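For reference, Swiss-Prot has these:
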| type | residues | note |
| --- | --- | --- |
| BINDING | GLY169, ASP170, ARG171, GLN172, THR173, GLY174, LYS175, THR176 | ATP binding site |
| SITE | SER362 | site 'Required for activity' |
Amino acid sequence: MSFNIKEISEMIEKQIRNYNKEVVQTEQGTVVSVGDGIALIYGLDNAIMGELLLFSNNVYGMVLNLEEGAVGSVILGDETLIREGDIVKRTNKVVETPVGDALLGRVIDALGQPIDNLGPIDFTKTRPVERVATSVMARKSVSQPLETGILAIDSAIPIGKGQRELIIGDRQTGKTAIAIDAIINQKNRNVKCIYVAIGQKDSTIVQVVEKFKKYGAMDYTVVVNAGASQPASLQYLSPYTGITIAEEWMESGNDVLIVYDDLTKHAVSYREMSLLLRRPPGREAYPGDVFYLHSRLLERAARVNENYGGGSITALPIIETQAGDISAYIPTNVISITDGQIFLSSELFNQGVRPAVDIGPSVSRVGSAAQIKSIKQVSGTLKLELAQYYELESFAKFGSDLDETTKATLDQGAKIIQMLIQKQFNPLEQVDQAILLLTIKSHLLKWLPLDSIYNFKHEILSHFKNDQQAAKLRKKLDEQKTFDDQLQKEILKQAQKVVLKITKNIKEYKPEAFGNITEYQNLGK
């Protein structure tokens with residue numbers, strides 16, 4: 001076989017002449033070590049913080065550590081598919097989540113993927129999960145009430161749209177119940193809701209979703225679930241996914257309520273990742289930036305002015321305490337970030353007071369500006385009366401020699417507590433709350449025995465809905481949202497009828513001992 005050197009040289013020359021220089025640049029690195037949801041990668045010198053990385057087998061990771069010569073990444077998927085020596089590619093993108101109305105009624109994971117077996121989500125837009133909080137000049141002061149339907153909260157610890165109100169208490173004190181009630185009460189109020197479950201049992205989430213479906217709340221709610229079976233990276237990411245979905249609605253002019261259940265587990269998942277990434281531990285082994293972890297999340301909840309959409313995000317973060325210790329690291333951090341807290345007491349819970357709101361240490365720093373006038377008129381002395389009751393109650397245990405004023409204060413306080421007891425999934429309209437609070441303020445309860453207070457509450461609400469004259473007064477109060485002297489007197493006359501009806505049916509009970517109810521002078525004052 002002979003070779004024609006001339007033909008070969010011409011062929012090579014032709015190929016050289018037709019050669020087009022195209023450089024396709026892809027940055028890739030190699031997995032040095034992997035374990036516990038963390039991968040150490042060599043060779044990605046230009047990776048940026050929070051960037052999405054693509055491992056082999058289509059598993060994604062997120063950059064959280066930038067070290068000299070290596071990159072620390074958390075794995076957002078099944079780490080068992082990753083081996084040492086695997087190739088890792090940069091995507092030049094950060095983590096994004098789908099947003100928009102297509103998410104309503106769905107249960108999604110921290111990456112925005114549906115996990116409710118209802119098929120894919122038909123979304124048209126995504127947003128990066130990390131974003132700088134709304135600027136000061138874009139914000140608007142809180143002035144509209146967010147109605148929870150819970151008498152103890154709406155009267156003494158009111159929440160406004162755009163506020164961050166912490167729900168804090170020991171385990172099994174009804175923290176989630178308050179948040180669920182608040183979401184259920186938003187039905188027909190044009191408020192979209194997001195429930196973020198962090199580190200919860202899957203069985204618990206199923207129960208919550210079933211409750212939402214039962215009361216029609218899933219029509220305006222999206223559930224973001226990063227359960228206890230999910231890796232720490234997804235538990236860490238889930239609240240940011242939730243607030244990103246909320247921001248899209250806020251900028252479209254909608255009011256949004258978001259619940260984080262709970263941020264204690266969120267901090268624990270971040271601590272786990274930080275320790276595995278070899279970051280220096282601080283107090284309680286949390287990393288130094290654990291305050292920033294929650295502040296950058298909660299500062300994204302706001303009420304914005306019309307130039308930025310005119311919507312609002314109201315946040316209800318939940319924190320679980322150990323033995324009522326609100327001075328621990330994470331509770332104090334979140335208390336200092338939020339605009340107030342609802343403190344739930346295990347002692348009250350065990351006494352049968354549900355919701356177990358301890359009104360003493362509970363406070364709402366900005367919500368009072370959002371309270372409607374009718375409730376503000378009749379709830380002003382509520383906290384003071386309860387504070388006096390709790391103070392006197394502790395002294396009353398030591399002796400039975402009490403003067404009449406002290407006895408009256410103790411009696412009124414005990415009856416107020418009974419009035420504030422409310423069953424779950426039974427939210428109250430604001431007009432009904434105003435009527436109940438008026439009966440408390442006017443000391444009408446002194447004609448009733450303690451064990452008939454709960455019945456009185458049910459009867460008076462029923463009376464103002466079913467009695468023709470009382471229903472007209474209720475409607476008038478609902479429309480004008482304030483008490484004038486005449487309306488107040490007429491409502492209390494109707495309330496007197498209910499008191500007389502109840503006391504008449506109690507054997508051997510003499511309400512005359514407290515004076516003539518029809519001639520009582522404090523009514524209406």
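Counting starts with 1 at the first residue shown.
Every residue, even glycine, has its Cβ placed from backbone N, Cα and C.
For SER362 (site 'Required for activity'), the same-chain residues that are 6 or more apart in sequence and have a Cβ closer than 8 Å to its Cβ are ALA156, ILE157, GLY340, GLN341, ILE342, PHE343. Residue density at THR176 (ATP binding site): 20 other Cβ atoms are found within 10 A of its Cβ, drawing on all protein chains shown. The DSSP secondary structure for SER362 (site 'Required for activity') is coil.
A Cβ within 8 Å of the Cβ centre of GLY169, ASP170, ARG171, GLN172, THR173, GLY174, LYS175, THR176, the residues given for ATP, is found for these other residues of the same chain: GLU320, LEU344, SER346, PHE349, ALA356. Ranking the binding-site residues ARG171, LYS175 by the number of CB atoms within 10 A of their own CB puts LYS175 at the top. In sequence order, LEU344, SER345, SER346, PHE349, ALA356 are the residues of the chain that are 6 or more apart from THR173 (ATP binding site) and have a CB within less than 8 Å of its CB. For the binding-site residues given as GLY169, GLY174, the lowest number of other CB atoms within 10 Å of the residue's CB is seen at GLY174. Cβ-based crowding with a 10 Å cutoff singles out ASP170 as the top-ranked of the binding-site residues ASP170, GLN172.
Under the three-state DSSP scheme, THR176 (ATP binding site) falls in the helix class.
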